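Right, one structure below, let's go through it.
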Amino acid sequence: MDDYAVLSDTELAAVLRQYNIPHGPIVGSTRKLYEKKIFEYETQRRRLLPPNSSSSSFSYQFSDLDSAAVDSDMYDLPKKEDALLYQSKDYNDDYYEESYLTTKTYGEPESVGMSKSFRQPGTSLVDADTFHHQVRDDIFSSLEEEGKDRERLIYGQDSAYQSIAHYRPISNVSRSSLGLSYYPTSSTSSVSSSSSSPSSWLTRRAIRPEKQAPAAALGQDRQVPLWGQLLLFLVFAAFLLFVYYSIQAEEGNPFWMDP
């Protein structure tokens with residue numbers, strides 16, 4: 001692995017792309033991991049290739065960072081050998097799918113062949129998950145549409161139900177005089193008569209009269225009116241005052257003496 005330590009970050013990224021190894025930005029903490037992956041890849045490659053292969057040894061020469069002359073024939077492997085290599089390594093397909101889709105190669109564009117080769121292992125799983133999510137979304141959307149249709153049947157007959165005035169019952173005379181045709185009556189259409197919600201609105205009592213109802217009931221329960229109670233209180237007070245003055249007159253002044 002010492003041979004990879006002399007490579008720069010750009011050169012190491014080129015080797016990773018050449019071997020179709022997914023990678024992210026090369027920093028100090030991830031460089032050792034990528035060097036280890038390249039070393040394992042080279043080891044497996046030597047086992048799969050014939051002994052007399054000229055590409056068994058690792059030789060990577062760069063003349064300049066801007067103009068990198070890489071022998072492509074040395075690192076190009078057939079697709080069959082690549083498949084055998086990854087199967088022998090027992091890599092996790094989910095890891096390759098996630099790492100390739102979430103990471104981005106910095107510095108150089110990605111090749112189309114790499115994206116196809118790494119997306120193939122998880123294509124069936126992604127398609128299955130997408131299908132299940134689509135079916136679930138369709139079910140939820142159908143349920144929402146059914147709920148909206150029910151609301152339209154109940155509340156869609158007129159837009160005046162949102163007002164607080166529908167809680168106040170109005171007689172037929174006042175309704176006809178005011179010209180309020182949106183209150184359901186006994187001669188409504190078949191749609192309004194079939195629904196029980198509009199008829200239940202009229203049976204509700206008014207909000208404000210309910211708050212005033214206890215006071216009205218208290219006034220009806222009184223046997224003596226309020227003015228009568230005040231009159232009795234004044235008479236009783238006058239009687240007590242008369243008794244007090246009469247007692248004071250009988251006792252008289254204790255310092256007063258008869259001549």
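Just so you know, glycine gets a Cβ as well, placed from its N, Cα and C.
The domain 'LEM' annotation in Swiss-Prot covers 1-45 and rests on sequence analysis. Residues of the domain 'LEM' (1-45) grouped by DSSP class, helix first, strand second and coil last, total 32 helix, 0 strand, 13 coil.
Taken from Swiss-Prot, the feature phosphoserine covers SER8 (among others), and the record attributes it to similarity to another entry.
What Swiss-Prot records for SER29 (among others) is phosphoserine, and it gives similarity to another entry as the kind of evidence. Sequence-distant neighbours of SER29 (phosphoserine): no residue of the same chain at least 6 apart has a C-beta under 8 Å from its C-beta.
The region 'Interaction with F-actin' feature in Swiss-Prot is assigned to 46-223; the stated evidence is similarity to another entry.
Sequence annotations record features per position, and here Swiss-Prot assigns phosphoserine to SER54 (among others) based on similarity to another entry.
If you look up Swiss-Prot, you'll see SER72 (among others) marked as phosphoserine, on the strength of similarity to another entry.
Marked as phosphoserine by Swiss-Prot: SER88 (among others).
Residues annotated as phosphoserine in Swiss-Prot: SER99 (among others).
Per Swiss-Prot, phosphoserine is recorded for SER141 (among others), and the stated evidence type is similarity to another entry. Using a 10 Å radius centred on the Cβ of SER141 (phosphoserine) and all shown protein chains, the other Cβ atoms total 10.
According to DSSP, SER142 (phosphoserine) is assigned to a helical segment. Sequence-distant contacts of SER142 (phosphoserine), defined as residues of its own chain at least six apart whose C-beta falls under 8 angstroms from its C-beta, are absent. What Swiss-Prot lists as phosphoserine is SER142 (among others), and the listing cites similarity to another entry.
As annotated by Swiss-Prot, phosphotyrosine applies to TYR161.
Taken from Swiss-Prot, the feature region 'Interaction with CTNNB1' applies to 168-187, supported by similarity to another entry.
The annotation phosphoserine is assigned in Swiss-Prot to SER171 (among others) on the grounds of similarity to another entry.
According to Swiss-Prot, the feature phosphoserine maps to SER174 (among others), an assignment based on similarity to another entry.
Swiss-Prot lists SER176 (among others) with the feature phosphoserine, giving a large-scale study or a structure entry as the kind of evidence.
The transmembrane segment annotation in Swiss-Prot covers 224-244, and the record cites sequence analysis as its basis.
Within 10 Å of the C-beta of SER8 (phosphoserine) we count 11 further C-beta atoms, all protein chains included.
Mean pLDDT, taken over the region 'Interaction with CTNNB1' (168-187), works out to 49 on the 0 to 100 scale.
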